[in-house]
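Visitor: Grabbed the feature section from Swiss-Prot, which reads as follows:
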{"type": "DOMAIN", "residues": "6-84", "note": "domain 'RRM'"}
{"type": "MOD_RES", "residues": "Arg47", "note": "omega-N-methylarginine"}
{"type": "REGION", "residues": "81-116", "note": "region 'Disordered'"}
{"type": "COMPBIAS", "residues": "103-114", "note": "compositional bias 'Gly residues'"}
{"type": "MOD_RES", "residues": "Arg105", "note": "omega-N-methylarginine"}
{"type": "MOD_RES", "residues": "Arg105", "note": "dimethylated arginine"}
{"type": "MOD_RES", "residues": "Arg105", "note": "asymmetric dimethylarginine"}
{"type": "MOD_RES", "residues": "Arg120", "note": "omega-N-methylarginine"}
{"type": "MOD_RES", "residues": "Arg134", "note": "omega-N-methylarginine"}
{"type": "REGION", "residues": "135-160", "note": "region 'Disordered'"}
{"type": "MOD_RES", "residues": "Ser150", "note": "phosphoserine"}
{"type": "MOD_RES", "residues": "Tyr158", "note": "phosphotyrosine"}
Amino acid sequence: MSSEEGKLFVGGLNFNTDERALEDHFSSFGPISEVVVVKDRETQRSRGFGFITFTNPEHASNAMRAMNGESLDGRQIRVDHAGKSARGSRGGAFGSYERGRGYPRGGGDQGYGSGRYDNRPGAYGFGYGYGYGRSRDYGGRSQGGYDRYSGGNYRDNYDN
């Protein structure tokens, strides 16, 4: 049995929910081998999601069914099996919301500069489909196309 089988993704966490609170809310379903609340690398603040690994996959399934959609520290949480997405078949920039949101196996915070979502050189990899680059690549538009909805150039009013 792989530990991945008993691993759950927990999303929508209150930013003040820590590992101990998460474990307290899930421990009634069975023995837990690991609890991780993913934190921002620079600020050490919660990113609003985490992972819980049960020693028995059946306990994890029971916890998922019981806790998905429940309230924890004032926030409705989403609980799903972790790492279920097929890496090559994620749809769109967000991945598949129903299959673990495409977070990589092993969890952990790869940070904004990891290129996890956008493999182009110079891109920051925010994961939202914008792909802001370090040079003149602004989501596939040139610098002149600052506001695609206005139809104008952001320098129009200043360079005349």
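Glycine is no exception: its Cβ is also placed from the backbone N, Cα and C atoms.
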Visitor: Taking DSSP three-state, what's Arg47 (omega-N-methylarginine) in: helix, strand or coil?
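Guide: In three-state terms, Arg47 (omega-N-methylarginine) counts as strand.
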Visitor: Taking the Cβ of Arg47 (omega-N-methylarginine) as the centre, how many other Cβ atoms fall within a 10 Å radius?
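Guide: The Cβ of Arg47 (omega-N-methylarginine) has 15 Cβ neighbours within 10 Å.
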